[in-house]
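Positions annotated as domain 'ORC1/DEAH AAA+ ATPase' by TrEMBL: 45-165. The domain 'Cdc6/ORC1-like ATPase lid' annotation in TrEMBL covers 193-251.
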Amino acid sequence: ILGTGTCYQQAKRVLHAAVPDRLYAREKETGVIRQFLREHVCGRQPGSLYVSGAPGTGKTACLSRVLLDCKDELTGSKTIVLNCMSLSSPQGVFPAVAQQLGLPAAAGREGVRRLEKQLTAQGPMVLLVLDELDQLESKGQDVLYTLFEWPRLPGSRLVLVGLANALDLTDRSLARLGARPAGSPQLLHFPPYTREQLTAILQERLGQVAGDPVLDAAALQFCARKVSAVSGDARKALDVCRRAVEVVELEVRSQTLLKPLPGGE
């Protein structure tokens, strides 16, 4: 009984949405991000990258993977990763970045000016990663515009990577940047995962559990088909399978409790 119990625990563990060692079906995107960081951070060329894609298509996971893999190459620069969900307002991004750079707190325009001065002064490259960038949309789009303008300033040492669910955020908010294409952000889109890709992701995760398969191959296919039809969100597929494992686990446990003990009266 102990054996079966641990296989379910293991299955639930591998189905968590942690960053895996290898991201299936995202080799191309991972390559683009790695190349961008090498060219801009390591090559000391300021620039910006806008990564778009629906939730659960691997944007954050891919970027986290590349940052881990390129850790040594990025040691000479300063990396700041912020999730914009944690900010109370779009303007809150400026003091948050200033704090990471060790600048004294200054609010409003003064704070923004001080940051700008710092990012155009001599020093190591600064890689600023902003996840959930959609949260910074504001009236007049000034916050986003200011951020994407910074890598284009003379003497800038900022490399900006923004991740967002919206594909058209740059069209809506950064139309002014497009007027000067030389400095507009490089775009990278993550398409939703297909049924085949989701099936392979689930099989690869569950393949790490020893013994007989915990979930039937047909069940994985069914889950992948349903999720790909709605969203192509890998996290959804992992969740559904994790819940299925929990149901099986409970069933097995209740059966075990009802079975008479061998050799009993």
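Each residue, glycine too, has its Cβ placed from N, Cα and C.
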Secondary structure composition of the domain 'ORC1/DEAH AAA+ ATPase' (45-165) [DSSP: H/G/I, E/B, coil]:
55 helix, 26 strand, 40 coil
For the domain 'Cdc6/ORC1-like ATPase lid' (193-251), the mean pLDDT of the predicted model:
93
